[in-house]
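This report concerns only the one structure given below.
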(Lines of atoms letter the chains of each structure in order from A and count residues from 1; the text may use other names and numbers.)
(Lines give C-alpha, C1' and ligand atoms only; values in the text may rest on other atoms or scores of the structure.)
Protein backbone atom coordinates (compact mmCIF):
# COMPACT_ATOMS: atom_id res chain seq x y z
CA UNK A 1 0.00 0.00 0.00
CA UNK A 2 1.33 3.42 -0.92
CA UNK A 3 1.86 5.99 1.84
CA UNK A 4 -0.75 8.23 0.24
CA UNK A 5 -3.60 5.86 0.92
CA UNK A 6 -2.15 4.26 4.02
CA UNK A 7 -4.06 6.28 6.60
CA UNK A 8 -7.17 7.02 4.58
CA UNK A 9 -10.36 5.36 5.78
CA UNK A 10 -13.94 5.13 4.56
CA UNK A 11 -16.92 5.43 6.86
CA UNK A 12 -19.93 3.17 6.52
CA UNK A 13 -23.27 3.26 8.34
CA UNK A 14 -24.86 -0.14 7.91
CA UNK A 15 -28.44 -0.97 8.90
CA UNK A 16 -28.24 -4.38 10.48
CA UNK A 17 -30.72 -6.96 11.67
CA UNK A 18 -30.12 -10.22 13.53
CA UNK A 19 -32.90 -12.22 11.93
CA UNK A 20 -36.33 -11.80 10.33
CA UNK A 21 -38.08 -10.99 13.60
CA UNK A 22 -35.55 -8.74 15.33
CA UNK A 23 -35.43 -4.96 15.15
CA UNK A 24 -33.01 -3.23 12.76
CA UNK A 25 -30.20 -1.09 14.18
CA UNK A 26 -27.41 0.99 12.70
CA UNK A 27 -23.73 0.21 13.12
CA UNK A 28 -20.81 2.33 11.94
CA UNK A 29 -17.63 0.98 10.44
CA UNK A 30 -14.36 2.58 9.49
CA UNK A 31 -12.56 0.69 6.80
CA UNK A 32 -9.03 1.23 5.42
CA UNK A 33 -9.22 2.73 1.96
CA UNK A 34 -7.95 0.95 -1.13
CA UNK A 35 -8.12 2.50 -4.62
CA UNK A 36 -10.99 1.31 -6.89
CA UNK A 37 -12.76 -0.36 -3.98
CA UNK A 38 -16.41 -1.30 -4.36
CA UNK A 39 -19.00 -1.77 -1.61
CA UNK A 40 -18.59 -5.57 -1.72
CA UNK A 41 -14.84 -5.10 -1.13
CA UNK A 42 -15.62 -2.98 1.89
CA UNK A 43 -18.05 -5.59 3.25
CA UNK A 44 -15.32 -8.25 2.77
CA UNK A 45 -13.02 -6.03 4.81
CA UNK A 46 -15.61 -6.03 7.64
CA UNK A 47 -15.83 -9.81 7.33
CA UNK A 48 -12.03 -10.10 7.69
CA UNK A 49 -11.91 -7.79 10.67
CA UNK A 50 -15.37 -7.50 12.29
CA UNK A 51 -14.71 -4.45 14.45
CA UNK A 52 -17.02 -1.41 14.37
CA UNK A 53 -16.03 2.26 14.37
CA UNK A 54 -16.03 2.33 18.21
CA UNK A 55 -13.42 -0.41 18.14
CA UNK A 56 -15.82 -3.04 19.52
CA UNK A 57 -15.77 -6.57 18.16
CA UNK A 58 -19.01 -7.33 16.32
CA UNK A 59 -20.50 -9.97 14.05
CA UNK A 60 -19.51 -9.68 10.39
CA UNK A 61 -22.13 -8.11 8.13
CA UNK A 62 -24.03 -10.63 6.01
CA UNK A 63 -24.72 -9.95 2.34
CA UNK A 64 -25.33 -11.89 -0.83
CA UNK A 65 -23.26 -11.60 -3.97
CA UNK A 66 -22.33 -13.79 -6.84
CA UNK A 67 -21.21 -12.60 -10.28
CA UNK A 68 -19.55 -9.30 -9.23
CA UNK A 69 -20.29 -7.83 -12.66
CA UNK A 70 -23.91 -6.67 -12.36
CA UNK A 71 -25.57 -9.52 -14.20
CA UNK A 72 -26.87 -11.78 -11.41
CA UNK A 73 -28.82 -9.30 -9.28
CA UNK A 74 -27.91 -10.95 -5.97
CA UNK A 75 -26.11 -8.06 -4.28
CA UNK A 76 -28.93 -5.49 -4.56
CA UNK A 77 -29.10 -3.20 -1.54
CA UNK A 78 -30.00 0.39 -0.76
CA UNK A 79 -26.81 2.45 -0.99
CA UNK A 80 -27.07 6.12 -0.02
CA UNK A 81 -30.85 5.96 -0.40
CA UNK A 82 -30.95 4.34 -3.84
CA UNK A 83 -31.37 0.61 -4.54
CA UNK A 84 -28.54 -0.74 -6.70
CA UNK A 85 -25.98 -3.51 -6.95
CA UNK A 86 -23.17 -3.35 -4.41
CA UNK A 87 -20.66 -4.76 -6.90
CA UNK A 88 -20.88 -1.77 -9.22
CA UNK A 89 -21.16 0.76 -6.38
CA UNK A 90 -17.64 2.20 -6.43
CA UNK A 91 -16.54 3.77 -3.16
CA UNK A 92 -14.73 6.61 -4.99
CA UNK A 93 -18.02 7.71 -6.53
CA UNK A 94 -20.08 7.60 -3.32
CA UNK A 95 -20.73 10.32 -0.80
CA UNK A 96 -19.45 9.50 2.69
CA UNK A 97 -20.45 8.19 5.13
CA UNK A 98 -21.79 5.47 2.86
CA UNK A 99 -25.21 4.41 4.13
CA UNK A 100 -26.13 0.80 3.47
CA UNK A 101 -29.57 -0.66 4.07
CA UNK A 102 -31.43 -3.77 2.93
CA UNK A 103 -34.22 -3.46 0.32
CA UNK A 104 -37.11 -3.48 2.78
CA UNK A 105 -39.74 -4.16 0.13
CA UNK A 106 -38.60 -7.76 0.56
CA UNK A 107 -38.43 -9.79 3.78
CA UNK A 108 -35.05 -9.17 5.43
CA UNK A 109 -33.31 -12.43 6.36
CA UNK A 110 -30.28 -10.93 8.07
CA UNK A 111 -28.42 -7.60 7.70
CA UNK A 112 -28.67 -6.82 3.97
CA UNK A 113 -29.66 -10.33 2.89
CA UNK A 114 -33.21 -10.30 1.57
CA UNK A 115 -35.62 -12.89 0.21
CA UNK A 116 -36.53 -12.06 -3.40
CA UNK A 117 -38.78 -15.11 -3.56
CA UNK A 118 -41.92 -13.16 -4.41
CA UNK A 119 -40.36 -12.20 -7.76
CA UNK A 120 -39.69 -15.82 -8.67
CA UNK A 121 -43.21 -16.75 -7.59
CA UNK A 122 -44.53 -14.04 -9.92
CA UNK A 123 -42.40 -15.34 -12.81
CA UNK A 124 -43.92 -18.77 -12.24
CA UNK A 125 -47.40 -17.28 -12.08
CA UNK A 126 -47.10 -15.45 -15.38
CA UNK A 127 -45.35 -18.44 -17.00
CA UNK A 128 -42.23 -16.52 -17.96
CA UNK A 129 -40.92 -19.30 -20.15
CA UNK A 130 -41.56 -20.94 -23.52
CA UNK A 131 -43.15 -24.40 -23.24
CA UNK A 132 -41.49 -26.64 -25.83
CA UNK A 133 -41.43 -29.97 -24.01
CA UNK A 134 -43.42 -32.74 -25.64
CA UNK A 135 -43.40 -36.38 -26.59
CA UNK A 136 -41.90 -35.80 -30.02
CA UNK A 137 -39.56 -33.39 -31.75
CA UNK A 138 -41.53 -30.26 -32.59
CA UNK A 139 -38.92 -29.08 -35.06
CA UNK A 140 -37.55 -25.54 -35.32
CA UNK A 141 -39.93 -22.78 -34.24
CA UNK A 142 -40.87 -19.73 -36.30
CA UNK A 143 -38.16 -17.11 -36.81
CA UNK A 144 -38.13 -13.81 -35.01
CA UNK A 145 -37.74 -10.61 -37.00
CA UNK A 146 -34.39 -8.90 -36.36
CA UNK A 147 -36.02 -5.57 -35.46
CA UNK A 148 -38.11 -7.32 -32.81
CA UNK A 149 -35.15 -9.34 -31.56
CA UNK A 150 -33.27 -6.13 -30.88
CA UNK A 151 -35.79 -4.69 -28.42
CA UNK A 152 -36.70 -8.10 -26.98
CA UNK A 153 -33.01 -8.62 -26.17
CA UNK A 154 -33.09 -5.51 -23.97
CA UNK A 155 -35.97 -7.02 -21.95
CA UNK A 156 -34.06 -10.28 -21.58
CA UNK A 157 -31.36 -8.44 -19.60
CA UNK A 158 -33.59 -8.51 -16.49
CA UNK A 159 -31.72 -10.21 -13.64
CA UNK A 160 -34.64 -10.21 -11.15
CA UNK A 161 -32.54 -7.98 -8.88
CA UNK A 162 -35.60 -6.38 -7.28
CA UNK A 163 -34.48 -2.74 -7.66
CA UNK A 164 -37.63 -1.80 -9.60
CA UNK A 165 -39.87 -3.27 -6.91
CA UNK A 166 -37.94 -1.42 -4.22
CA UNK A 167 -38.31 1.90 -6.10
CA UNK A 168 -42.01 1.42 -6.89
CA UNK A 169 -44.38 3.30 -4.52
CA UNK A 170 -47.12 0.79 -5.30
CA UNK A 171 -45.11 -2.26 -4.22
CA UNK A 172 -45.27 -2.40 -0.45
CA UNK A 173 -46.74 -4.34 2.43
CA UNK A 174 -50.00 -2.47 1.73
CA UNK A 175 -50.49 -4.02 -1.73
CA UNK A 176 -49.82 -7.29 -3.49
CA UNK A 177 -48.86 -5.72 -6.85
CA UNK A 178 -46.32 -8.03 -8.53
CA UNK A 179 -44.21 -5.09 -9.72
CA UNK A 180 -42.57 -4.08 -13.00
CA UNK A 181 -40.00 -6.88 -13.51
CA UNK A 182 -42.40 -9.85 -13.97
CA UNK A 183 -44.68 -7.71 -16.17
CA UNK A 184 -41.82 -6.88 -18.50
CA UNK A 185 -41.06 -10.60 -18.72
CA UNK A 186 -44.63 -11.19 -19.89
CA UNK A 187 -43.95 -8.79 -22.75
CA UNK A 188 -40.66 -10.56 -23.52
CA UNK A 189 -42.18 -14.02 -23.72
CA UNK A 190 -45.25 -12.78 -25.57
CA UNK A 191 -42.91 -11.23 -28.15
CA UNK A 192 -41.21 -14.54 -28.86
CA UNK A 193 -42.76 -16.29 -31.91
CA UNK A 194 -43.15 -19.57 -30.01
CA UNK A 195 -43.93 -17.94 -26.66
CA UNK A 196 -46.65 -15.96 -28.40
CA UNK A 197 -48.68 -19.18 -28.59
CA UNK A 198 -49.34 -18.81 -24.85
CA UNK A 199 -49.86 -15.06 -25.00
CA UNK A 200 -53.49 -15.02 -23.89
CA UNK A 201 -52.76 -17.23 -20.92
CA UNK A 202 -50.13 -14.75 -19.69
CA UNK A 203 -52.39 -11.76 -20.33
CA UNK A 204 -55.20 -13.40 -18.36
CA UNK A 205 -52.85 -13.85 -15.41
CA UNK A 206 -51.81 -10.20 -15.29
CA UNK A 207 -55.49 -9.22 -15.56
CA UNK A 208 -56.12 -10.84 -12.18
CA UNK A 209 -55.70 -9.25 -8.75
CA UNK A 210 -52.09 -8.11 -8.08
CA UNK A 211 -51.49 -7.82 -11.82
CA UNK A 212 -50.91 -4.92 -14.17
CA UNK A 213 -53.58 -2.67 -12.65
CA UNK A 214 -51.28 -2.11 -9.68
CA UNK A 215 -49.10 0.18 -11.79
CA UNK A 216 -49.68 3.84 -10.90
CA UNK A 217 -47.28 5.33 -13.47
CA UNK A 218 -44.79 6.82 -11.05
CA UNK A 219 -42.17 5.51 -13.49
CA UNK A 220 -39.52 5.14 -10.77
CA UNK A 221 -38.81 1.66 -12.13
CA UNK A 222 -37.49 2.81 -15.49
CA UNK A 223 -35.37 5.47 -13.80
CA UNK A 224 -33.91 2.93 -11.35
CA UNK A 225 -33.35 -0.21 -13.47
CA UNK A 226 -29.59 -0.94 -13.51
CA UNK A 227 -29.93 -2.66 -16.89
CA UNK A 228 -31.79 0.24 -18.52
CA UNK A 229 -34.78 -1.95 -19.37
CA UNK A 230 -37.68 0.12 -20.80
CA UNK A 231 -40.02 -1.12 -18.04
CA UNK A 232 -42.66 1.58 -18.47
CA UNK A 233 -42.80 0.91 -22.21
CA UNK A 234 -43.31 -2.78 -21.41
CA UNK A 235 -46.13 -1.94 -18.99
CA UNK A 236 -47.82 0.47 -21.43
CA UNK A 237 -47.52 -2.10 -24.24
CA UNK A 238 -49.15 -4.67 -21.94
CA UNK A 239 -51.84 -2.12 -21.07
CA UNK A 240 -52.58 -2.03 -24.78
CA UNK A 241 -52.57 -5.84 -25.06
CA UNK A 242 -54.75 -6.37 -21.98
CA UNK A 243 -57.22 -3.68 -23.11
CA UNK A 244 -57.49 -5.36 -26.52
CA UNK A 245 -57.82 -8.77 -24.88
CA UNK A 246 -60.57 -7.46 -22.57
CA UNK A 247 -62.67 -6.19 -25.47
CA UNK A 248 -61.98 -9.32 -27.52
CA UNK A 249 -63.22 -11.44 -24.62
CA UNK A 250 -66.37 -9.37 -24.17
CA UNK A 251 -67.28 -8.85 -27.79
CA UNK A 252 -65.75 -11.94 -29.41
CA UNK A 253 -67.55 -14.51 -27.28
CA UNK B 1 -70.45 -9.78 -7.30
CA UNK B 2 -66.78 -9.31 -6.53
CA UNK B 3 -65.08 -7.40 -9.28
CA UNK B 4 -61.48 -8.44 -9.82
CA UNK B 5 -59.21 -5.48 -9.19
CA UNK B 6 -58.22 -5.23 -12.86
CA UNK B 7 -61.79 -4.39 -13.85
CA UNK B 8 -62.55 -2.21 -10.83
CA UNK B 9 -59.38 -0.19 -11.54
CA UNK B 10 -60.23 0.06 -15.24
CA UNK B 11 -63.73 1.25 -14.36
CA UNK B 12 -62.23 3.87 -12.04
CA UNK B 13 -59.99 5.06 -14.87
CA UNK B 14 -62.81 5.14 -17.43
CA UNK B 15 -65.27 6.97 -15.16
CA UNK B 16 -62.68 9.68 -14.57
CA UNK B 17 -62.86 10.55 -18.26
CA UNK B 18 -66.39 9.48 -19.17
CA UNK B 19 -68.51 11.00 -17.69
CA UNK B 20 -66.57 12.97 -15.05
CA UNK B 21 -64.03 14.60 -17.40
CA UNK B 22 -66.82 15.56 -19.76
CA UNK B 23 -68.86 16.98 -16.91
CA UNK B 24 -65.89 19.09 -15.79
CA UNK B 25 -65.58 20.58 -19.28
CA UNK B 26 -69.34 21.14 -19.46
CA UNK B 27 -69.20 22.86 -16.07
CA UNK B 28 -66.41 25.11 -17.37
CA UNK B 29 -68.47 26.11 -20.41
CA UNK B 30 -71.45 26.99 -18.21
CA UNK B 31 -69.31 29.01 -15.80
CA UNK B 32 -67.42 30.70 -18.59
CA UNK B 33 -70.72 32.07 -19.85
CA UNK B 34 -70.70 34.19 -16.70
CA UNK B 35 -67.41 35.71 -17.86
CA UNK B 36 -68.65 36.34 -21.42
CA UNK B 37 -72.32 37.18 -20.96
CA UNK B 38 -72.50 38.11 -17.29
CA UNK B 39 -75.19 37.11 -14.86
CA UNK B 40 -78.04 36.81 -17.37
CA UNK B 41 -75.95 34.62 -19.63
CA UNK B 42 -75.03 32.34 -16.74
CA UNK B 43 -78.59 32.02 -15.51
CA UNK B 44 -79.77 31.26 -19.05
CA UNK B 45 -77.19 28.44 -19.22
CA UNK B 46 -78.32 27.06 -15.85
CA UNK B 47 -81.95 27.13 -16.93
CA UNK B 48 -81.10 25.49 -20.26
CA UNK B 49 -79.15 22.72 -18.49
CA UNK B 50 -81.95 22.06 -16.05
CA UNK B 51 -84.41 21.98 -18.89
CA UNK B 52 -82.67 18.95 -20.41
CA UNK B 53 -84.90 15.90 -20.61
CA UNK B 54 -84.34 13.35 -17.82
CA UNK B 55 -82.01 15.82 -16.08
CA UNK B 56 -82.24 14.05 -12.70
CA UNK B 57 -81.44 10.73 -14.39
CA UNK B 58 -78.45 12.36 -16.12
CA UNK B 59 -77.29 13.82 -12.82
CA UNK B 60 -77.56 10.52 -10.95
CA UNK B 61 -75.95 8.27 -13.53
CA UNK B 62 -73.77 10.82 -15.29
CA UNK B 63 -72.39 12.65 -12.27
CA UNK B 64 -73.28 11.50 -8.76
CA UNK B 65 -72.76 7.75 -8.93
CA UNK B 66 -69.57 7.99 -11.06
CA UNK B 67 -68.26 10.66 -8.65
CA UNK B 68 -69.00 8.48 -5.66
CA UNK B 69 -67.22 5.48 -7.17
CA UNK B 70 -64.27 7.45 -8.54
CA UNK B 71 -63.90 9.37 -5.27
CA UNK B 72 -64.16 6.46 -2.86
CA UNK B 73 -62.08 4.00 -4.91
CA UNK B 74 -59.61 6.78 -5.69
CA UNK B 75 -59.16 7.48 -1.99
CA UNK B 76 -58.42 3.78 -1.48
CA UNK B 77 -55.80 3.89 -4.26
CA UNK B 78 -54.26 7.08 -2.86
CA UNK B 79 -53.92 5.55 0.61
CA UNK B 80 -52.29 2.39 -0.75
CA UNK B 81 -49.26 4.16 -2.18
CA UNK B 82 -46.07 4.42 -0.18
CA UNK B 83 -44.77 7.77 -1.39
CA UNK B 84 -41.04 8.10 -1.87
CA UNK B 85 -40.30 11.37 -3.66
CA UNK B 86 -37.60 12.02 -1.06
CA UNK B 87 -35.40 9.26 -2.44
CA UNK B 88 -36.75 9.27 -6.00
CA UNK B 89 -37.27 12.91 -6.92
CA UNK B 90 -38.13 12.26 -10.57
CA UNK B 91 -40.74 14.36 -12.36
CA UNK B 92 -43.18 11.49 -12.88
CA UNK B 93 -42.89 10.37 -9.27
CA UNK B 94 -43.80 13.90 -8.18
CA UNK B 95 -46.75 13.80 -10.58
CA UNK B 96 -47.76 10.45 -9.07
CA UNK B 97 -47.76 12.05 -5.61
CA UNK B 98 -49.59 15.19 -6.79
CA UNK B 99 -52.20 13.16 -8.64
CA UNK B 100 -53.10 11.63 -5.27
CA UNK B 101 -52.87 14.87 -3.28
CA UNK B 102 -55.02 16.79 -5.79
CA UNK B 103 -57.41 13.84 -5.92
CA UNK B 104 -58.05 14.14 -2.19
CA UNK B 105 -58.34 17.96 -2.42
CA UNK B 106 -60.73 17.62 -5.37
CA UNK B 107 -62.89 15.15 -3.45
CA UNK B 108 -63.15 17.49 -0.44
CA UNK B 109 -63.75 20.49 -2.73
CA UNK B 110 -66.45 18.74 -4.75
CA UNK B 111 -68.27 17.52 -1.62
CA UNK B 112 -68.22 21.05 -0.19
CA UNK B 113 -69.21 22.72 -3.48
CA UNK B 114 -72.00 20.19 -4.04
CA UNK B 115 -73.45 20.57 -0.54
CA UNK B 116 -73.29 24.35 -0.86
CA UNK B 117 -75.09 24.46 -4.22
CA UNK B 118 -76.92 21.47 -5.69
CA UNK B 119 -77.79 19.95 -2.33
CA UNK B 120 -79.31 23.24 -1.19
CA UNK B 121 -81.45 23.24 -4.35
CA UNK B 122 -82.50 19.65 -3.62
CA UNK B 123 -83.38 20.60 -0.03
CA UNK B 124 -85.49 23.47 -1.28
CA UNK B 125 -83.35 26.17 0.33
CA UNK B 126 -82.30 27.59 -3.00
CA UNK B 127 -83.60 27.78 -6.56
CA UNK B 128 -81.46 27.22 -9.64
CA UNK B 129 -82.06 30.84 -10.66
CA UNK B 130 -80.64 32.01 -7.33
CA UNK B 131 -77.32 30.16 -7.67
CA UNK B 132 -75.56 33.11 -9.34
CA UNK B 133 -76.41 35.43 -6.45
CA UNK B 134 -75.60 32.67 -3.96
CA UNK B 135 -72.14 32.25 -5.50
CA UNK B 136 -71.63 36.01 -5.34
CA UNK B 137 -72.32 35.79 -1.62
CA UNK B 138 -69.79 32.97 -1.16
CA UNK B 139 -67.05 34.35 -3.39
CA UNK B 140 -67.16 37.92 -2.10
CA UNK B 141 -65.30 36.58 0.93
CA UNK B 142 -61.60 36.52 -0.03
CA UNK B 143 -61.15 33.48 2.21
CA UNK B 144 -63.74 31.42 0.29
CA UNK B 145 -62.45 32.82 -3.00
CA UNK B 146 -58.97 31.50 -2.19
CA UNK B 147 -60.39 28.10 -1.24
CA UNK B 148 -62.24 27.99 -4.55
CA UNK B 149 -59.05 28.83 -6.46
CA UNK B 150 -57.21 26.00 -4.66
CA UNK B 151 -60.07 23.58 -5.35
CA UNK B 152 -60.24 24.58 -9.02
CA UNK B 153 -56.50 24.32 -9.65
CA UNK B 154 -56.40 20.92 -7.88
CA UNK B 155 -59.35 19.68 -9.95
CA UNK B 156 -57.83 20.87 -13.24
CA UNK B 157 -54.51 19.23 -12.38
CA UNK B 158 -56.16 15.98 -11.35
CA UNK B 159 -58.13 15.93 -14.59
CA UNK B 160 -55.21 16.84 -16.89
CA UNK B 161 -52.63 14.59 -15.29
CA UNK B 162 -55.31 11.91 -15.00
CA UNK B 163 -55.83 12.12 -18.75
CA UNK B 164 -52.10 11.53 -19.19
CA UNK B 165 -52.35 8.40 -17.01
CA UNK B 166 -55.53 7.29 -18.72
CA UNK B 167 -53.77 7.30 -22.10
CA UNK B 168 -50.98 5.13 -20.64
CA UNK B 169 -53.30 2.79 -18.72
CA UNK B 170 -55.37 2.03 -21.80
CA UNK B 171 -52.28 1.50 -23.93
CA UNK B 172 -52.72 4.54 -26.19
CA UNK B 173 -49.43 6.31 -25.40
CA UNK B 174 -46.92 3.47 -25.20
CA UNK B 175 -43.39 4.71 -25.86
CA UNK B 176 -41.44 7.37 -23.96
CA UNK B 177 -41.66 9.89 -26.83
CA UNK B 178 -45.46 9.61 -27.01
CA UNK B 179 -45.73 9.87 -23.22
CA UNK B 180 -43.51 12.95 -23.17
CA UNK B 181 -45.55 14.67 -25.89
CA UNK B 182 -48.73 13.73 -24.03
CA UNK B 183 -47.31 15.21 -20.81
CA UNK B 184 -46.65 18.57 -22.50
CA UNK B 185 -50.11 18.61 -24.06
CA UNK B 186 -51.93 17.81 -20.82
CA UNK B 187 -49.91 20.29 -18.80
CA UNK B 188 -50.95 22.86 -21.40
CA UNK B 189 -54.55 21.77 -20.91
CA UNK B 190 -54.09 22.10 -17.14
CA UNK B 191 -52.94 25.72 -17.48
CA UNK B 192 -55.68 26.65 -19.96
CA UNK B 193 -58.47 25.03 -17.90
CA UNK B 194 -57.24 26.65 -14.69
CA UNK B 195 -57.07 30.11 -16.29
CA UNK B 196 -60.55 29.81 -17.84
CA UNK B 197 -62.10 28.51 -14.59
CA UNK B 198 -60.49 31.27 -12.54
CA UNK B 199 -61.61 33.93 -15.05
CA UNK B 200 -65.14 32.56 -14.69
CA UNK B 201 -64.72 32.60 -10.92
CA UNK B 202 -63.72 36.28 -10.88
CA UNK B 203 -66.81 37.22 -12.88
CA UNK B 204 -69.00 35.87 -10.06
CA UNK B 205 -67.57 38.56 -7.78
CA UNK B 206 -68.96 41.26 -10.12
CA UNK B 207 -71.47 43.67 -8.55
CA UNK B 208 -74.16 42.65 -11.04
CA UNK B 209 -74.30 39.22 -9.41
CA UNK B 210 -75.36 40.81 -6.15
CA UNK B 211 -78.79 41.63 -7.59
CA UNK B 212 -81.67 39.93 -5.84
CA UNK B 213 -83.66 37.08 -7.30
CA UNK B 214 -86.48 39.47 -8.25
CA UNK B 215 -84.23 41.26 -10.71
CA UNK B 216 -83.11 38.07 -12.33
CA UNK B 217 -86.70 36.89 -12.54
CA UNK B 218 -87.50 40.07 -14.43
CA UNK B 219 -84.63 39.46 -16.82
CA UNK B 220 -85.94 35.98 -17.40
CA UNK B 221 -89.43 37.25 -18.20
CA UNK B 222 -88.15 40.24 -20.16
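Heads up, residue numbers simply count up from 1 along the chain you see.
Note: Cβ is positioned from N, Cα and C throughout, glycine not excepted.
All TrEMBL annotations are machine predictions without curation.
As annotated by TrEMBL, transmembrane segment applies to B:12-32, B:52-76, B:97-115, B:145-172, B:184-204. The heme binding site annotation in TrEMBL covers B:27, B:70, B:113, B:158.
Features per TrEMBL, on structure.
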{"residue": "B:27", "record": "heme binding site", "DSSP class": "helix"}
{"residue": "B:70", "record": "heme binding site", "DSSP class": "helix"}
{"residue": "B:113", "record": "heme binding site", "DSSP class": "helix"}
{"residue": "B:158", "record": "heme binding site", "DSSP class": "helix"}
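Listed in chain order, the extra residues whose Cβ falls within 8 Å of the Cβ center of the heme site residues B:27, B:70, B:113, B:158 are B:20, B:23, B:24, B:67, B:106, B:109, B:110, B:155, B:159. In the structure shown, the C-beta of B:70 has more C-beta neighbours within 10 angstroms than that of any other entry among the binding-site residues B:27, B:70, B:113. Residue annotation for heme gives B:27, B:70, B:113, B:158. The furthest Cα pair among them is separated by 18 Å.
For residue B:158 (heme binding site), the same-chain residues 6+ apart in sequence whose C-beta sits under 8 angstroms from its C-beta are B:99, B:102, B:103, B:105, B:106.
If one looks beyond the transmembrane segment (B:184-204) by at least 6 residues along the same chain, the residues whose Cβ comes under 8 Å of a Cβ in the stretch are 24, 28, 31-32, 34-35, 38, 132, 135-136, 139, 145, 148-149, 152-153, 156-157, 159-161, 163-164. Long-range contacts of the transmembrane segment (B:12-32) within the same chain: residues 42, 45-46, 49, 62-63, 66-67, 69-70, 73-74, 77, 155, 159, 162-163, 165-166, 169-170, 193, 196-197, 199-201, each at least 6 residues beyond the stretch ends and with a Cβ under 8 Å from a Cβ of the stretch.
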